[in-house]
């Protein structure tokens, strides 16, 4: 009765093995195969007459080979076949992370067991040392050049010149600053690509010729008299009939002085006054020395041209801008003066214009005070006011500008001498 009941029951399916993974099933099959091979080979070896030891060794080799095959099959991943499906962003991110992780894994350095462990020596390139040496040489040359510039400026004592001009030239602060800027830039080195040509322009009595005399005195004290030339047109070439002779004399003086200066590595200074009355033939001679297409020694020279050309234009400009600070309008004033100079001669195309403006009454008082002290008079303020009141002035916007500048100051002071 019990047998019939048990036979009628439905058999329970064996899910234990079917649920196992593929490597587990492979292990089970291999174990069964090993048992069968053991039995079959032992029987064959015993029946064939082989020794038991050789049979065991053969069996061990077979077992080891089977285990290796089993390990490969258990770690084998399912092959991925190529298809044309576009990978998703998640797969791409996962692959990039795997690659980065593999890249970060540092390779271990294998050291022999009987030596000291140390990292391999990195061979440094010698180009870096050469580059550092080259940079050092360039920096040294730059510092040396800067020191040479300072030496040149000290040789000409431009600081002392600037102090002298500020002390003895009144009412021309802007002109002095511009003059010193040009001299400092040019005299800082001995090698140039063009000569320095400066043009002092302004009305009469504002200090142009006085500045020229101070420049000549200063450079004669720094250099010899052989390297400074003062040329007054009315004195050196008074007759128009002697223009040809004046041309040869001027050319000879300039060439000889430049040659001597080049030998001693000095820069000569040529000061030409009263240029407004200089004949055109002499202006042409000067113009040839201002050109760029000449030998190097002629490029190392300073030429100063002093004239009243453009004085009327400067006077009108100052009176029209009396209410403003016309010192802040240098470009407009420069254009007015240069247009007047270019009508006179083309040599001013290469000149640096330094305009001298009108002097106010306070500057005339300074001129009288300086002249009185120079002549040994007691500087009485009331006496100075009386002398300054004898001059004529332009009156504009509550400002008084002297018509004749400081030109009559010396004559007025000389009139006081008989009464002392």
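Each Cβ is built from the backbone N, Cα and C atoms, and glycine gets one as well.
Residues annotated as transmembrane segment in Swiss-Prot, with sequence analysis given as evidence: 130-150.
Under the heading ATP binding site, Swiss-Prot lists 202, 203, 204, 205, 206, 207, 208, 209, citing sequence analysis as support. In this view, residue 202 (ATP binding site) is surrounded by 28 other Cβ atoms within 10 Å of its Cβ, with every protein chain counted. According to DSSP, residue 202 (ATP binding site) is assigned to coil rather than to any helix or strand.
Residue 207 (ATP binding site) falls within neither a helix nor a strand when secondary structure is assigned with DSSP, and so counts as coil. Sequence-ordered, the extra residues of this chain that approach the ATP site, with Cβ no more than 8 Å from the Cβ center of 202, 203, 204, 205, 206, 207, 208, 209, are 308, 311, 356, 405, 407. Within its own chain, residue 207 (ATP binding site) has 169, 170, 171, 172, 175, 356, 359, 405, 406 as residues 6 or more apart in sequence whose C-beta sits under 8 angstroms from its own. Listed in sequence order, 200, 201, 202, 306, 307, 356 are the same-chain residues at least 6 apart in sequence whose CB falls under 8 Å from the CB of residue 208 (ATP binding site).
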